[in-house]
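What TrEMBL says about this protein:
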{"type": "DOMAIN", "residues": "1-336", "note": "domain 'Kinesin motor'"}
{"type": "BINDING", "residues": "GLY58, GLN59, THR60, GLY61, SER62, GLY63, LYS64, THR65", "note": "ATP binding site"}
Amino acid sequence: MTALIQKGSVRKAEGRTVFHFDQAFDEAVKTPRVYKSIAKPMVKSVLNGKHATIFAYGQTGSGKTFTMQGDGYQKAGIIQLVTSDLFRYMRKGEAKKRDFVIKVSYFEIYNEKIRDLLSDDIVGSTSSSASSSSSPVINRNNRDKEIKIRTNEHGEIVVNVIQKEVSNVDEAIELLNEGKSHRTVAATDMNEYSSRSHTVFRITVESRSRDIMDEQQELSVKCQGQEIVRISDFNLVDLAGSESLKSTNNTGTRQREGATINRSLLALTTVIQSLSQPVKKRPKHINYRDSKLTRILQPHLSGNAEMAILCCATPSKAFVEETRSTLKFAARAKLVQMKPKINEVMDDGAIINKLQKELLEVREQLAE
């Protein structure tokens, strides 16, 4: 079962906890219907310069990766459908008046370390046994390299991973499949191909106005430093599933991975809990730095993005408590207030032109 969380409420009724959400889908519902309900409108917002994030959240084995990435063959996931519509909408309506550049990055957070899934340094990362102690296979020259998170001069959070420009849907999907082959997975008692890491497939959209100007108008705009670039990120996040040791019977490496995953999800839950409170009651300090995931997604979680959460749950009675925990997380998340804005910056050429113009004005004043 997949629950769509955008608006909702929780109430007690006859000794039961009743959750109200915009939509709930059973296991028979196809992914395109889920996509149409949440992600399709967000694609147009991203093309217009707004950030967006979609999470797949839930216990291990509940269908998160299938929902986000499909089966890799004929059944498309949210990521493939987003990518397809992104390139299709670029050629329609108001979007036709802008020039677009699309870039893709793909990385995972494994044991609180960031790994670039599009890097040539990664050879492979699949373990075949639940009790295996093998680690991801990484090029010896890059074994000790740690990917950093930094804040740039504009106060934006940047992850130092490879960004690859794509010109069509096929190129983007090829990068998705390439990255998937490098993701860390392993067998557990609950899932033969259990994701051992969180992954973020990020689509960055840059656009410039294509307004036709004569040479004099174009020179005037450049001199005034008014060349504006819209830059937006669409984060498609497949979270590793929360794990109960008694259900997975994990030992060794798998057990340590599960503990790290649960701590990371707890950090996300804590951040969501803080953000869901009224502004006057909200903690003065929110611990985004408690995990790499919340640190990377801080700008989006804090409100400057459209956000949706796909909460995946199994209908089995054996996992009622895990399902209840998932729905409680969703109920808190829907209280977070989002106020996305169009993200516009001046490109380097415009900034240089503006500074040169200001310098010329100063020199003229000094000469008088």
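Positions of Cβ are set from backbone N, Cα and C atoms, glycine also.
TrEMBL feature annotations superimposed on the structure.
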residue : record           : Cβ neighbours (10 Å)
GLY58   : ATP binding site : 29
GLN59   : ATP binding site : 22
THR60   : ATP binding site : 24
GLY61   : ATP binding site : 24
SER62   : ATP binding site : 27
GLY63   : ATP binding site : 18
LYS64   : ATP binding site : 24
THR65   : ATP binding site : 25
Model confidence over the domain 'Kinesin motor' (1-336), averaged pLDDT: 83
